[in-house]
């Protein structure tokens, strides 16, 4: 199949060049209009404005925002919410910030499974039945009200997707004003460090497919918390 | 699909117009989306500058498509993606079946993808004994009803919740209430099982980023994330023109696409997928296939009138803006893509003029589609070119041909034109009722069904022109005197230091 595909590829590209009426291009063409308009790149909010705009957008989309002074307080808040919701099955990412917190002591009655490469459990199925997923967000975007999570052996895509409730911890200094600032982290990143999945999340899963009536939590989580730290 | 389909756009439109729920639903939905877009574009500001930016990026990419597509493919291969190429819909379907057989698949879960509708992949899979399940809520509903989508963004726009409750109750084996939350809850539970059982996840592709070989998906429900997270194998179908050069360019597309489609700042999920799961990952597909589809797209390349068609980002804003779509809905267009973009795309993807149907005529050429388009595709101009092409190739009704011939004969001589007018004035006396023509005959049939035709006036503009011109000449001299007098007065006052304004 591979060799066949290579031959086909050549024909495909040649046809494009033929239709465009020139030989095939092998040099990278200059791209003068790359990215957002120049004025937009100068748009920058200060720290408190970024937090306020992110919070406003996240809440407008139907998410919850909680501001806490430190990670310990984030943990306490999550534990309290979990008790309120009667949550038992919890799944969390294997991230250093989360590992530094004593989850067992905060939630003695719950089962907390950590997502990592060596985990014995069927992680997908466990996440699909979990009440709460806990993750650190890598970046935030104020202008669109988005969190950014990436995948790795220690960071399952499922953790922010399959549980009924997702709690995402977002350190305030990771909130950018514009999407472009976050995309710059991926522009030109070497392949070995490139995550297979990059997910921008802007609120709870939603649909308006039945009579334009907004429904929350169609396939993904219906309840999403952003815990802003700092 | 449904049998005994009406054959022409007019017949299908008549059917749609007699369905009151459909008319109201289409009107309500398009108004909601259009208002959302308007608010979102105003709130963002500098909308025109962003539109122009997006147009420039798309123009640049398409003009260098061989380079960027090659770059994208090489990077995707290096990421571990198995890349395939399909010239036609049949080839794409055959490739999909080959992959399904290779991994012994029994079921496929799909996220919403217009290109898979275009290629009729579901039918091909089902014919091969593989279950294909649409997982977008709207797509799932119309799949159960065995109907094609009626809107690019909201595919089940034409169904009310009672009809939906009936369809889903059959699937559930129990009576479900016609309540949105209950119905969506059933679909969530039902499809959760399907996701976990499925062997293959199938997606479309909103954008493909050349510099890293990534595909980008926009969605609100999370089903596209499910499809790319849970099954072992992923197949992504992609039109060959979906490319953008860099992640940087994604900011422009991500700003324009959701705002133009639904008025959202960003869809709930925007996912960049760069190859199958890494060795240490515990979710995501183990195998990822990408099928790059031509299916008539390369015909647009190098065509001065239609190349810009490849700039389309499939937001559906032109549907919501179109006065024709807003009345008749998507099914009347009789093709996968509806609205102004569909009226151009269907003929453009199909070179055979005789198979075009009358779809290019389903437009008032008002240009609202161009105004709405986030990448400024001149769709109304393209519709005119299509009609021109049709005429040039002789595919035209006898009536139209005779009408145009007659028009040319009459209009090319002022004597003939004058005679025709005089004759018309005499003949119309037979048809005049209450000062208007109501008879539904000949070329007046369609028009007079909904309104009346005004009669020819007793004196045509041309006949009255000589007298009119004399009047104008006379008026101008008189006016000139007055103005001159007034200006002098003004000037004098100003020289005396008074205020000039009256």
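Heads up, the Cβ atoms here are built off N, Cα and C, so glycines get one too.
Because TrEMBL annotations are produced automatically, they should be read as predictions rather than curated entries.
Not measured: the values here are computed from a predicted model.
According to TrEMBL, the protein has these features:
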{"type": "COMPBIAS", "residues": "A:1-30", "note": "compositional bias 'Basic and acidic residues'"}
{"type": "DOMAIN", "residues": "A:52-229", "note": "domain 'LUD'"}
{"type": "REGION", "residues": "A:1-40", "note": "region 'Disordered'"}
Excluding the flanking five residues on each side, which residues at least 6 beyond the ends of the compositional bias 'Basic and acidic residues' (A:1-30) place their CB within less than 8 Å of a CB in that stretch?
none
Across the domain 'LUD' (A:52-229), what does the pLDDT come to on average, as a whole number?
97
Sort the residues of the compositional bias 'Basic and acidic residues' (A:1-30) into helix, strand and coil with DSSP and give the three counts.
19 helix, 0 strand, 11 coil
